[in-house]
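Heads up, the thing below is written out as structure tokens.
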Amino acid sequence: MESPNRTTIQEFIFSAFPYSWVKSVVCFVPLLFIYAFIVVGNLVIITVVQLNTHLHTPMYTFISALSFLEIWYTTATIPKMLSSLLSERSISFNGCLLQMYFFHSTGICEVCLLTVMAFDHYLAICSPLHYPSIMTPKLCTQLTLSCCVCGFITPLPEIAWISTLPFCGSNHLEHIFCDFLPVLRLACTDTRAIVMIQVVDVIHAVEIITAVMLIFMSYDGIVAVILRIHSAGGRRTAFSTCVSHFIVFSLFFGSVTLMYLRFSATYSLFWDIAIALAFAVLSPFFNPIIYSLRNKEIKEAIKKHIGQAKIFFSVRPGTSSKIF
């Protein structure tokens, strides 16, 4: 009896978007600006790190990798949000599974990478003499690849299980993109589905709590070392090295924790969407700002390249002919 019902739903319809054309346009314009800023801002960071050899250090290698992940993390959801605001609000069942997979896989990659970055800061401040011999370029590459492997493997069992569930009721998804809990609510309710929802909650809890504990352990050691530094300038330098990462960590994990560590707690649709926007849109939006405005070396490198671009474009067409 399940197979006929299962095939009745071939697509989901996002019902959380405004139906008014004016409201849709009002939402579309800032979202388009934010997405463009995220892509361009992160591409600038990647390019600046690649073009400046003095930035080829573990910290900037990880920042560059995080910027690359941010582009794909937002691309998994925002383009579909933009099209849903102005046109068709449906997504195929397979498309929904793919969106969930890439959104969560890139998100888990970021969680792992933020944890690795905290460990990198810990080594740089707590073991500065051994740091160059430990955090080699080879190890940086291995850690980055390990984060990606972990991220792209972890969601596979959940996605595979959801693909086997029967969906025999409403296909109206009360969310702005495909996510585990909103999709699971549309599955035909049975004991197995209820138990698996709880299992998904536990999996998310383990992932988030493990990462948060490791990061806080790293920062606990960092703070202890910083407090032992006698020079105020030295303390300021050491603190500024970590503050950008900690702000990014707080923004991302704060909203993710509210969304995925609620267990039986329920929010209104408004708060569900607000929290989802916080970690899917706003957190990636602030990351390029934090890493560029709070990082002296990246700011100086960007200014240098802007200056070079101004010189290049200020050369008049007749100048080259005069040289020859």
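Glycine too: its Cβ is placed from the backbone N, Cα and C atoms.
As annotated by Swiss-Prot, topological domain 'Extracellular' applies to 1-25 (among others).
Residues or ranges marked as N-linked glycosylation site in Swiss-Prot (evidence: sequence analysis): Asn5.
Residues annotated as transmembrane segment in Swiss-Prot: 26-46 (among others).
Each residue of the topological domain 'Cytoplasmic' (47-54) gets a DSSP state, and the totals for helix, strand and coil are 7 helix, 0 strand, 1 coil. Taken from Swiss-Prot, the feature topological domain 'Cytoplasmic' applies to 47-54 (among others).
Counting only same-chain residues 6+ beyond the ends of the transmembrane segment (55-75), those with a CB under 8 A from a CB of the stretch are 35, 38-39, 42-43, 45-46, 48-49, 102-103, 106-107, 109-110, 113-114, 116-117, 120-121, 124, 135, 137, 140, 144, 147, 241, 280-281, 284, 287-288, 291, 297-298, 301. If you look up Swiss-Prot, you'll see 55-75 (among others) marked as transmembrane segment, on the strength of sequence analysis.
Summarising the annotation, Swiss-Prot assigns topological domain 'Extracellular' to 76-98 (among others). Within its own chain, the topological domain 'Extracellular' (76-98) has Cβ neighbours under 8 Å at 9-15, 17-18, 24-25, 27-28, 31-32, 34-35, 38, 106, 159, 162-163, 167, 173, 176-178, 183, 280-281, counting only residues six or more beyond its boundaries.
Sequence annotations record features per position, and here Swiss-Prot assigns disulfide bond to Cys96-Cys188 based on sequence analysis. Its Cβ placed at the centre, Cys188 (disulfide bond) has 14 other Cβ atoms within 10 Å.
Residues or ranges marked as transmembrane segment by Swiss-Prot: 99-119 (among others).
The topological domain 'Cytoplasmic' annotation in Swiss-Prot covers 120-138 (among others). With a threshold of 8 Å between CB atoms, the same-chain residues lying at least 6 positions outside the topological domain 'Cytoplasmic' (120-138) that come near it are 56, 58-59, 61-62, 218-219, 221-222, 225-226, 238, 241-242, 245.
Swiss-Prot lists 139-159 (among others) with the feature transmembrane segment, giving sequence analysis as the kind of evidence.
Swiss-Prot lists 160-198 (among others) with the feature topological domain 'Extracellular', giving sequence analysis as the kind of evidence.
Swiss-Prot lists 199-218 (among others) with the feature transmembrane segment, giving sequence analysis as the kind of evidence.
Distant neighbours of the topological domain 'Cytoplasmic' (219-238): 118, 121-122, 125-126, 246; these residues of the same chain sit at least 6 beyond its ends, with a Cβ under 8 Å from one of its Cβ atoms. Per Swiss-Prot, topological domain 'Cytoplasmic' is recorded for 219-238 (among others).
Same-chain neighbours of the transmembrane segment (239-259): 59, 107, 110-111, 114, 117-118, 121, 124-125, 208, 211-212, 215, 219, 222, 226, 272, 275-276, 278-279, 282-283, 286-287, 290-291, 294-295, counting only residues six or more beyond its ends whose CB sits under 8 Å from a CB of the stretch. The transmembrane segment feature in Swiss-Prot is assigned to 239-259 (among others).
Annotation source Swiss-Prot lists topological domain 'Extracellular' at 260-272 (among others).
Listed by sequence, the residues of this chain that lie at least six past the ends of the transmembrane segment (273-293) yet keep a Cβ under 8 A from its Cβ atoms are 16, 31, 34, 37-38, 41-42, 44-45, 63, 66-67, 70, 73-74, 77-78, 103, 175-177, 179, 244, 247-248, 251-252, 254-256, 258-259, 267, 299, 302. The transmembrane segment annotation in Swiss-Prot covers 273-293 (among others) and rests on sequence analysis.
Within the model, the topological domain 'Cytoplasmic' (120-138) carries an average pLDDT of 90.
For the transmembrane segment (26-46), the list of distant contacts is 17-18, 63-64, 67-68, 70-71, 74-75, 78-79, 81-82, 85-86, 281-282, 284-285, 287-289, 291-292, 298, 302: same-chain residues at least six beyond its ends, Cβ to Cβ under 8 Å. Tertiary neighbourhood of the transmembrane segment (139-159): same-chain residues 58, 61-62, 65, 97, 100-101, 104-113, 116, 180, 200, 203, 207, selected by CB-CB distance under 8 Å and a gap of 6+ residues from either end. The Cβ neighbour count for Cys96 (disulfide bond), using a 10 Å radius over every protein chain in view, is 23.
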